[in-house]
Amino acid sequence: MSLLRLIVLLAGAALLAACDSEQNDPYPAAERGQAILYSAFTERPKHLDPAQSYTEDENTFIAQIYEPPLQYHYLKRPYTLIPGAAEQVPTPVYYDAAGKRLPADAPAASIARSVYEIRLRPGIRYQPHPAFAVGDDGRPVYETIDAAMLAKVERIADFPRTGTRELTADDYIYQIKRLAHPHLHSPIFGMMAAHIVGLRELGDALQQAAKANPDAWLDLDRFPLPGVERIDRSTYRVTLKGKYPQFLYWLAMPFFAPVPREVDRFYSQPGMAAKNLSLDWYPVGTGPFMLTENNPNRRMVLDRNPNFHGETYPCEGEAGDREAGLLADCGKPLPLIDRAVFSREKESIPYWNKFLQGYYDASGIASDSFDQAVRLAVGGDVALTDEMQAKGIRLLTSVRTSTFYMGFNLLDPVVGGKDGVGEARARKLRQAVSIAVDQEEFISIFMNGRGIPAMSPLPPGIFGFVEGEGGINPVVYDWIDGRARRKSVEAARTLLAEAGWPNGRDAKTGEPLVLNLDTTGGGMGDKSRLDWLTRQFAKIDIQLVVRSTDFNRFQEKLRKGAVQLYYLGWNADYPDPENFFFLLAGAESKVAQGGENASNYASPAFDRLFAEMKDMDNTPQRLDIVRRMNRLLQEDAPWVFGFHPKSYTLGHAWLLNRKPNDVANNILKYQRIDVAARAAARHAWNAPVLWPLAALLAVGLAILVPAVVAYRRRERRNARGNDGR
Amino acid sequence: MSIQPVLLWSDALIWLLVLGVVAFGWASSRTPPLRAAWRRVGRNRPGMAAATVLLVFVLIGLLDSLHYRPPLANRTPDQPAAYSIEVLSALDALAAPLRTRMEKTYSAPLATRAYAKESIEVRDAGGAVHAVRDFPRLAFGGAHLGEDEAQRDADVLGRVLAAEVVALALILVVSGVGAVLLARRQAIPWPQAVRRLWRGDTDIAWNAVLFSLGALALTAAPLLALCVDYHVFGTDKVGQDVFYQVLKSVRTALVIGLVTTLVTLPIAVALGILAGYWRGWVDDLIQYLYTTLSSIPGVLLIAAAVLMMQVVIDTHPQWFATAAERADLRLLALCLILGMTSWTGLCRLLRGETLKLRELEYIQAAQAFGVADLRILARHILPNLMHLVIIALVMDFSGLVLSEAVLSYVGIGVDPTTISFGTMINNARMELAREPMVWWSLAAAFSFMFALVLAANVLADAVRDAFDPRAAVA
Amino acid sequence: MFAYLVRRLLYAIPILIGVNLITFALFFIVNTPDDMARMQLGVKRVTAEAIEKWKAERGYDKPLFVNAQASGVGVVTETIFFTKSARLFVGDFGRAEDGRDIAREIRTRMGPSLAIALPTFVLGLFVTVCLALMLAFFRATPLDFWGVVLCVAMMSISGLFYIIGGQYLISKLWRLVPISGFSAGLDAWKFLILPVLIGVVSGIGSSTRWYRTIFLEEIGKDYVRTARAKGLSELAVLFRHVLRNALIPILTGVVVVIPLLFMGSLLTESFFGIPGLGSYTIDAIQAQDFAVVRAMVFIGSVLYIVGLILTDLSYSWVDPRIRFES
């Protein structure tokens, strides 16, 4: 009986809902027809505080909210810095140790200080926020919030009054001081303390103050920072030690965004943090969007900032942008959408399916849905499958500014040649391995071809990357028929024999060569990858032991130098070769210095070139040095250069102005949605299939009818006095 | 060429378990109540059919529990013998064709060509090389057909039919031998023996055994006939044969299902009896222990413990000569941890039963006569608890096998390099989203797991019905 | 009764201390405070100095269990264990390692968890009891036999299969409901149907079979025969007598899980993207957020103990013969 009722109930509910086509619409019906961009995020952002957030998941949000002094041009490639909140891109002024001004082309060694003067655009105002609400007496309304008032507040929107004010240079200075705040643990503090004059001392002073009075709010204005100077209301100067041209890139990151003192003060009031009312949860910026709903478990909503100062869509881009329609909105005021809704999507299957149903406007492609979306055309070009093209989906590809590699720990006797093994032998061994591990096959199996094999640490788009014959890694590749061809396994075997391991056996003792590879074994899908790796090493008779460990353990092993081979990747902070080469600089050695050079590669020649290269501007001389550094690395092979992943994004036809961008994150303001086209497509794609419900009903009846009949019969028998048994 | 035998910890435990089963079988044949109970199991037709299926799984598992390291080929004769770090098992040796014949990536069951198109370089008549997009020919799947791929269907059908004929003949022979043996034993003419066998009119439900053997033979024969030249269940992402993976998963499932209970059984039995027999503070302490343990949410406890074991393993790489040993220890650790979360139930049950038993008159009498406590425990209490232990053992099996899959999903299951149903399902999960769908890994893993768990559940029912005194009375 | 309750509650305290000790020990064998700091501070550009600062601020710079440097009570209280666990007992879960308030997080996540777990539980119980009654009613008929076979088959299928299969069929192929997601308020129903349905279906096999055994046991008893002899219809016997008496064994199994419904379901929540406590727990394990793991373990244990007490109380409710006098 009950089953029937359940079935009827379910069928009824479904039929009722079936009146409209998109009953699988995950969004409220009220949102239909609005200029809202829908996308998803997989990892919940850990921090939204501009002093703390560093990862891409976090910057996806806060880059839309905060405006650092500089930004990247949306369309131009190579990536070009343009003014953000600043009036222009600052040119550093150099001084020597005596304080004498030096010309712009002065040698780096003579430069003691560089000064960046940043002038802000006038008329930039903050988003509406209660911290700016001012009463009739001119004092902030919410300067002191008592418990009774706080009891009525759950979200920031619950404060009845809001206000705004103009952006000033002090806000930027305040944020730079926040980098040194002991409670914030800014990831770049250590690095910036080495560059900005007085930042380290500020950190120490703040630490002391925090220790003396642990619960009180630290008013950063009371602590001096000599390296950052306020000139006037909208101008400030940053003084760096020595020459550091990469500083401009940092000025385009949210670390250097403005944070008003009164907002910090507002959030520091007792009881606020317990309600998640903090800068970490509700950012306050001057950018085109403001965060209005923060539920990192489910969805994040960015709404248009009514006080946005206005910016227009760029009118120039690189070649081909006009044909691609990317310049159609030239001169229109930004942002072009009213709202962006980000939903949390932890599993990739639902993510992909919702995209196909039209409920996400854009999507990356997981490796497994790749064949469905993209086919590789003749000659390695990619094109969308007919199915995708029929849906009007567009493919956006770009090579990411990152590199993946398998590193050797050069402190290890076998692969590093320490303890009398001999560096020459070990180098040959490393070269042999570099040849044996077939990156092309890896990319084709595990990345569906979405990557290009790395010849050096530098990915395309970074200064110093050379395409074609001049850029190949001559240790691993030969240039044949206009293509880079991986050297044969025989060549690797020969190298291995020269290294003293003929056929993978020690030439003297006959012991087999066993290498250990440490990886962070995250997902279970790793098994196939590990099997594949083992096979690569087996090709040259090396026995590979793969040890997958959890992330912390892996890091600890790297720190102690207790690995032989390891797998890592690096995402560029900014598009400059320095940001890749420093991973192999002797001064960054992991074991000795706790730096980022996990291979502990220390080559005096390389370090010398690195020191010279890093402070240079992008001149032909610099290109030459970069080339020499690459040659050194290819010869020494401290890494098996892996690949540079390509990012493939799919966008529906109604998502306009999307251009892949790996460096900048503040791209939301350029996007436009053709709402009518989206509504039509969703309607067409989501007609429900109802026959299974009918079938279910039929099956239920088919079971129930005989049961009821049998029951009747039995009851009648009972009435006659026969027990059923 | 010699080989180097390797005894993994789990191997040792498995063979210990086999020994234990033999010893227990011998012991129970001498204990009338246990013997009677086993007889009841023997008469239970579904139970016996399930037992037969399980036995086949166990045989696969046992074959997979004889490990060795193959020697490395010596290029020069004077080199000392060295062994590969790859640990193989007897099953691997038998299934060498399955293990070694790797394709590049996905291929469908019985396919001769890969599942996805690829650019292939073709040299045309003029000698120029140009790329064509097509499904590449598999390196091994149906390789014996050569160019003649159209022959595949006929070849497959022929092989299946031949295999079924062989299987049928085999069943008939086995049944015939069985009938003859029965006839000789009961001194009856063989047609009558055949009839008895058919009707199940025997001490043990031989007809069910023969029936399930028949069913197994009919399924296994075509698989075996095809797997030598095709990938019967297709290949996975890196081109490994799925049939091979399924076979390897059996051992993992068995280890999880059996060893888990085995390693924690002593604790549960000892503590349960102690608590129930001595009562007082011992009881309080033991109750406290198991209430505390069981009140921690299982997944959290398992997660924390697995992470901990992983740290121990990672910090002592010198313990393990091979990756197999590492993976094995992790498997064993998982067993231990799963056991830690599951022994509390049995312990509570045993405590309750002991509490009841010790109030029985004959035990009171024994105590009054001054018989030593240990003797009472061993002589009177423990044997009377055996049925609970056996029931717990068989009932836990299927649950443990299923939970392995779930734990592997959460990332706290077996070592990623261990082939198990859980790892297979997890790897295959994403493949469902592909278009066209890659369904075979998931289907193969689920159906084998289903067969194993179903057999275990049916046998568990039979055993419980036979051993549960309440059921026996009813 | 009251005295009994008080005794049980007092008994819970040492258990909770024990639970804390175990989690604590397990977690800190795995994780040194350094590891936790690294996990929270991210991957790029972390210095040893930053780690020390983080530890000091979060109170992880003390010894784990015994502080040899402190004097008096401080030997025990000036430790990570004491400072981190004592506050749990007054319901103060503190902050997650990323600085967010755990109690608040739990409050907001409880709703979605319950929205899935409660309907699944109630509906599941209702459906399985009905099915079991049906099987018991048709005992010793082909319907019963095949019903049991179906149950055994259904319980031999991995739970993952139900979820994967259900999502594939109902959401992907038939487009009947959203494939995943959640929404607060009334809109939630369309997200809930599928996980609840899958939860109910995956539980049918084992529960139905178990309840059927219980019912059959009751049906075999004398009083049922008496009732039948009085001329009561079979349905009346089943509902009025058998069901009522079979409630005790059913309750033992069921009541204990009711409080644990709060904890949510790990698998369902992560597959369907429901922001409940189950996915919170999984995330915390993966992120090695000790504060959250500890809080969840603590809550889980408390709920389990509450469940045990409820079980005892429900006995006396269904069977007035049981009284708790000490």
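Backbone N, Cα and C atoms are what each Cβ position is placed from, and that goes for glycine too.
Note that TrEMBL annotation is computational and uncurated.
Among the features that TrEMBL reports, domain 'ABC transmembrane type-1' is placed at C:110-314.
According to TrEMBL, the transmembrane segment annotation covers C:12-30 (among others). Packing against the transmembrane segment (C:12-30) from elsewhere in the chain are residues 64, 80-81, 84-85, 88-89, 288, 290, 293-294, 297-298, 301-302, 305: each is 6 or more residues past its ends and has a CB under 8 Å from a CB in it.
Tertiary proximity for the transmembrane segment (C:114-139) is limited to same-chain residues at least six positions away from its ends with a CB under 8 Å from its CB atoms, namely 147-148, 188, 192, 195-196, 199-200, 203-204, 207-212, 214-216, 219, 234-235, 238-239, 242-243, 250, 254, 257-258, 261-262, 264-265, 268-269, 272, 274, 276. According to TrEMBL, the transmembrane segment annotation covers C:114-139 (among others).
Among residues of the same chain six or more beyond the transmembrane segment (C:145-170), those with a C-beta under 8 A of the stretch's C-beta atoms are 131, 134-135, 138, 176-177, 179-180, 194, 197-198, 201-202, 204-206, 208-209, 212, 267-268, 271-272. Taken from TrEMBL, the feature transmembrane segment applies to C:145-170 (among others).
With a cut-off of 8 Å between Cβ atoms, the residues of this chain six or more beyond the transmembrane segment (C:191-211) that come close are 115-116, 119-120, 123-125, 127-129, 131-133, 135, 147-148, 150-157, 159, 162-163, 166-167, 170-171, 177-178, 180-183, 246, 250, 253, 265, 268, 271-272, 274. Among the features that TrEMBL reports, transmembrane segment is placed at C:191-211 (among others).
Same-chain residues lying 6 or more positions outside the transmembrane segment (C:246-268) and placing a CB less than 8 Å from one of its CB atoms are 109-110, 112-114, 116-118, 120-121, 125, 129, 159-160, 163, 195, 198-199, 210-211, 214-215, 217-218, 274, 276-282, 296, 299-300, 303-304, 306-308, 310-311, 314-315, 318-319. What TrEMBL records for C:246-268 (among others) is transmembrane segment.
Residues annotated as transmembrane segment in TrEMBL: C:289-310 (among others).
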